[in-house]
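Among the features that TrEMBL reports, GTP binding site is placed at 52-59, 117-121, 171-174. What TrEMBL records for 43-224 is domain 'Tr-type G'.
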Amino acid sequence: MISFPKSLIRKLHRFCIFRKKLLWVRNYCNNKDTVDITSIPVERIRNFSIIAHVDHGKSTLADRLLEFTGAVKKGSGKNQILDKLQVERERGITVKAQSVSLLYKCKDEMYLLNLIDTPGHVDFSNEVSRSLSACQGVILLVDANDGVQAQTVANFYLAFEKDLVIIPVLNKIDLKNANPQRVCNQLKNLFDIDQEEVLKISAKIGLGVDNVLQAIINKIPAPNVNRNSTFRALLYDSWFDQYRGALALVYVASGYIEVGNKITLFHSKNVYDVKSLSILRPEEYSVSRLAAGQVGVIGCNMRSSKEAVIGDTIHKLGENIEPLEGFQATRPMVFAGVYPIDQSQQQNLRTAIEKLALNDSAVTVSNDFSPALGQGWRLGFLGLLHLEVFTQRLEQEYGADSIITAPSVPYKILLKSTKQTLKSGRELYITNPIHFPEPFEVEEYYEPMVIGTIITPDEYLGPIMSLCIEKRGIQKSATNIDNNRLILQYDLPLSEIVMDFHDILKTITSGYATFDYEDNGYCKSNLVKLNILLNGKEVEELCNIVHVTKASTIGKKMCSRLKEIIPRQLIQINIQAIVNGKVVGRETLKAFRKDVTAKLYGGDVTRRMKLLAQQAEGKRKMKMVANISLPRDTFIEVLKKQ
Ligand SMILES: Nc1nc2c(ncn2[C@@H]2O[C@H](COP(=O)(O)OP(=O)(O)OP(=O)(O)O)[C@@H](O)[C@H]2O)c(=O)[nH]1
């Protein structure tokens, strides 16, 4: 392999940074104020979001809107332009809401349309609700073939509760199996939307997209703001730029701001000079002023993303203001330990987690320690996909490899009243099974519950009901939304749906049923801690809290799963699942026998015996230190297919 001197690599690296800076400056200068966006009056601004179920075509419609308004060239060959993250492009899903400002001429007047493309998956619904606070209307997009699905219902109610104007749009009418009439009936039955209001389009081929633009202008009201009052802006997203520090994406709620103004954040109180103002089209386009009703980016040399706290209100220094309503804190649904592959990478992983957690405000972070994995963090996520996407982003965007431990949901425990609990409080939230108290200390156990909504063709009702019963679900309602589709509501324990409920549901319904859930507080339960022992040694990272009725089944399955996942090693591995000191599952992973005598050709038998004895001694030593190497993903994998 050719090796380059370190000095040359350093020079090359510096050159690349210099080139990037140069490109940014050129881009900045080219974009400077060719259209005076601030001259567009408030009455000609429309702020809206596209909301829909997963894969119903939000990003494709956003692409067409970008093309129709000239933000990108027609036939540029680029798809899903607003899905910028590598993880979004690889998985074909949106995980982060993206904003773009479009200029559209209608009846000789220029309109500014601020569009936010939102994710569809339930794990990212916080992005949707955050985006809606900068909007006055939404496009509710429904696939004309699939019809109304679980996230369509959830997203409709999010917009409805915020009193936003809803423009119903049927997409994919070019498909052979599209059935617009059936979907219109569903919209009428579920949301009381009249058929005449529904637009029919094909985002893929651009059919009917101009009607969508017309509806945005005619139906969505202009923001109700005052440009002459004091400046207030809601910080609703932020990201880190290597050269300009943290950039804040804001919705200006009143007044205006100009480059050179001194600003401060209401809660953090830090003071900054405004260095740059821009709007996204979708690339940054510099402007000299951001005024009420607009969505734009403020660059003010914030040194770290920590300073740009999402939900904070930005205002001018020295002005007394009432803060804008921030965002409701989201409650993490799944917790998992994240550790560096080896402790030398700890600092790197720490920086990466800090930066990414600030960009993704739904993630909670606290320190954690594991005897086997060392110093790490306990992170809280909105679901398993959120966890997977976060760790993938850590790897791809920050080059930080990590080991993830078994995910767990947050349990609530009421301790028996003793002198100590009287002082420290009897209620305990357990996000890490390691901290599960001994049964004699506990008065009552509680587990988190959700209300699950399932939309399915009625022929799958039987298998779905069996699945929900197996997952300890209680049916709340079952309603027909048309001749052959049902909407079911179940009370379900969060722990039962978090890992693989969605996958199983898709399998048993050939992909036709869709699922969405929302938090429904805590419910009394009967829980136990399931310990996993490898060669008699407890592996804390694999222990799990389970419902007492499931302990034995899960224990057995975890053992057999571990047997599949752990590679055979030079020593035999005894895998045991233990609940309250009782073995509920057991498997043995046979040693993989290395033939140490292979090189011997004939010769004295004592030589053969000596080699075998040496090998046995080596194995004994390994067993003593329980030196079992587990693959990186064991902790999640073992819980996935129970
Ligand atoms: N035939 C047809 N396919 C479409 C149309 N619109 C979108 N699609 C396809 O549907 C798939 C999903 O489209 P996306 O735009 O990624 O959907 P999305 O709603 O943004 O997906 P998420 O961000 O993951 O929720 C892609 O393969 C698109 O090419 C359409 O009008 N007709």
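Glycine is treated like the rest: Cβ placed from N, Cα and C.
No curator has checked TrEMBL annotations; they are predicted automatically.
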What three-state secondary structure does DSSP assign to Ala52 (GTP binding site)?
strand
Determine the mean pLDDT over the domain 'Tr-type G' (43-224), rounding to the nearest whole number.
85
These are the binding-site residues: Lys58, His121. Which one scores highest on other Cβ atoms within 10 Å?
Lys58
Test of understanding: give the count of other CB atoms lying within 10 angstroms of the CB of Ala52 (GTP binding site).
27
Suppose we draw a 10 Å sphere around the Cβ of Asp55 (GTP binding site). How many other Cβ atoms does it contain, all chains included?
16
